[in-house]
């Protein structure tokens, strides 16, 4: 009977074993490593923890489903056995009652048989329960071992997953730091580029202003040189006229001298006898001045005199001739790509025309302004202005420019005077113009041009 009494203790041991297997989320989370110091934000940590907990709950569910199935099968088997034993007792118990009142021996025999039967049933029940418990214990032991192995594998995978997550967090932190540094470097570089761009634009603007001033100075110098050349030509012409006049006078004097010498050669004088002395005559008139003698030697230089009063400024001279074309400058930066054209050829200008020439490529320059055609005065009229006019009319370039109404005098108003062009303008209206409508110029100074065909 001691063996039968040990059955509840074994059942308690199995219950303790089952209780030892039970675990919850807190025990599992306690096994997890502490939070990394240099990790991502709180939301990312919560997401990773939620994922780990969901995985753990799924594993626990997978482990508990077979256990519940085995326990349910054992309970069903035990109930089936109880039902069979109860049916046997029900079949045996009515037999002594059906025979009525028998002898006492039969009653004792029946009681002994019933007692033995009950003992046998209890032993059979205990053996069946013990056998079932042994089978359950073996199955549970095997299952617990498998569960422990799986749980250890899950913990190992979780630890490796957390370590990899921590490594990724460290890598992400390093990448974020490097990105912050790179962003700072890019901002500094952008600021330096903007500063350099501003300086370059400022220097370019200053250089453009200096180039304009230099071109104006060159233009003024060319005008002064042209005026000096015209003065030189005028003085040379005057000197040539004076020399021609002096040569004529010299030739006349030589001719007179030759005639006088011939006359003196033909005169002969005969000396007669001396006459009586006459009375003293009156004093005659003074004779003519003699021929000036040769200049004497140069004397020693005298002392330097005091500085005299500065004279009045002279009259502005005539504009000088046009200077030679300068060397081409450096190539500028490449401009932006222009918009797509319509495909049609460039039309000739409708505001400029050439009149009075031998063909359409030359003539007097006339401009249409305020509904009327007018001419251009030839003051400061040079090749760059003629180049702009020829290009606006569709020609390749300029051959020469003309002044002083070379193609005849025009009629109507004189619109422009002292036109200054750089040679890159598309029309003469884009050149530097002081004013429209000139009164200090006449049609004797109308400008003309000959374009290259």
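The backbone N, Cα and C atoms fix where each Cβ goes, and this holds for glycine too.
Per Swiss-Prot, the feature phosphoserine maps to 27.
Residues or ranges marked as transmembrane segment in Swiss-Prot (evidence: sequence analysis): 51-76.
Residues or ranges marked as region 'Spacer' in Swiss-Prot: 77-108.
Among the features that Swiss-Prot reports, region 'Disordered' is placed at 267-295 (among others).
Under the heading region 'Disordered', Swiss-Prot lists 313-349 (among others).
Under DSSP, residue 377 (disulfide bond) is assigned to a strand (E or B) in the three-state scheme. The feature disulfide bond is assigned by Swiss-Prot to 377-441 (among others).
Long-range Cβ neighbours of residue 390 (disulfide bond) (same chain, at least 6 residues apart, Cβ-Cβ under 8 Å): 396, 397, 398, 449, 451, 452. What Swiss-Prot records for 390-451 (among others) is disulfide bond, and it gives sequence analysis as the kind of evidence.
Sequence annotations record features per position, and here Swiss-Prot assigns disulfide bond to 421-431 (among others). When secondary structure is read from DSSP and collapsed to three states, residue 431 (disulfide bond) falls in the coil class. For residue 431 (disulfide bond), the same-chain residues lying six or more positions away in sequence with a CB closer than 8 A to its CB are 385, 388, 419, 420, 421, 422, 425.
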> Which of the listed disulfide-bonded residues (377, 421, 441, 451) has the least company, meaning the fewest other Cβ atoms within 10 Å of its Cβ?
Replying inline: 441
>> For residue 451 (disulfide bond), which of the three DSSP-derived states applies: helix, strand, or coil?
In response: strand
